[in-house]
């Protein structure tokens, strides 16, 4: 995707905020528990390479990604000796590519291990489906058979075993406890404990630090975002949001009563009013459902009017502004703040989706 460096729309990523979130989490972890930075999906929209560099500087001991291509991008960017785990499914025919690049893969099916032809040792993390219902083995018999298969092949190493909690971001813990118990049953069925046992995502690491095992997978909260609104007041420390989204007015005009804007003419002025066109649209991740949401102009709220277009959006101004005036979509302006959580609430979604939708057409600028 082409990045729009010559357009006045940009994202600012506060590296100091990422470092602070990591340091605060590390301070509450036992010394023998590693923190792995989850940088999948372009680091949740924050930029995979720069976030990985920042996380490593802050003390992260490795990285988790969703697909092999993300792991290879990290290797190509210079992360040659760092631990990298692919959390998602990898094609069997790509196992050798992962092995040659010293990338750890998730395995969750016995047949995936059959007839592998490897030119280098492959490190494997066994995924346990303890109740998430996506990927993973579900019985002790499966776990033991896979352990036996791996032990017979000197090119395979059972480096880790892990699971993922479905309700760690909820205050009610009964389902979480069921998952943990099932995982521990499968873990103890193995003849040999792998090097890495890991279960905790951001929510679990924040609320249930006792189940850190050997490593935690620090994702959404590394970026300063709360895993869910339900646990926002139960966090052990304040999270610092790292992402802000800005643009500038490229056209300012005054509407007369009866003038309409954007596709479908869904908004019509009822009085004389000032409006501005912004060079950002749904092709950038500002989806059409943002219509009616408010942005900040000189610290004042300004509503998005009419339909969000592919490349442009129109806002109603509180008064006349100059072309080139800055607009804050996510971030702080003159003491007022619009957060990713605010956008998520308006869109009836979660903060993860808000930042992940912001694609690479918007340039990222890294500060601090």
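Cβ coordinates come from backbone N, Cα and C, glycine included.
Annotated in Swiss-Prot:
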- 40: active site, proton acceptor (ACT_SITE)
- 263: active site, proton acceptor (ACT_SITE)
- 134, 310: substrate binding site (BINDING)
- 40: N6-(pyridoxal phosphate)lysine (MOD_RES)
For the recorded positions 40, 134, the one whose C-beta sees the most other C-beta atoms within 10 angstroms: 40
Using Cα coordinates, what distance in whole Å links residue 263 (active site, proton acceptor) and residue 40 (active site, proton acceptor)? 35
Measuring Cα to Cα, tell me the gap between residue 40 (active site, proton acceptor) and residue 134 (substrate binding site) in whole angstrom. 17
Let's check the environment of residue 263 (active site, proton acceptor): how many other CB atoms sit within 10 Å of its CB? 11
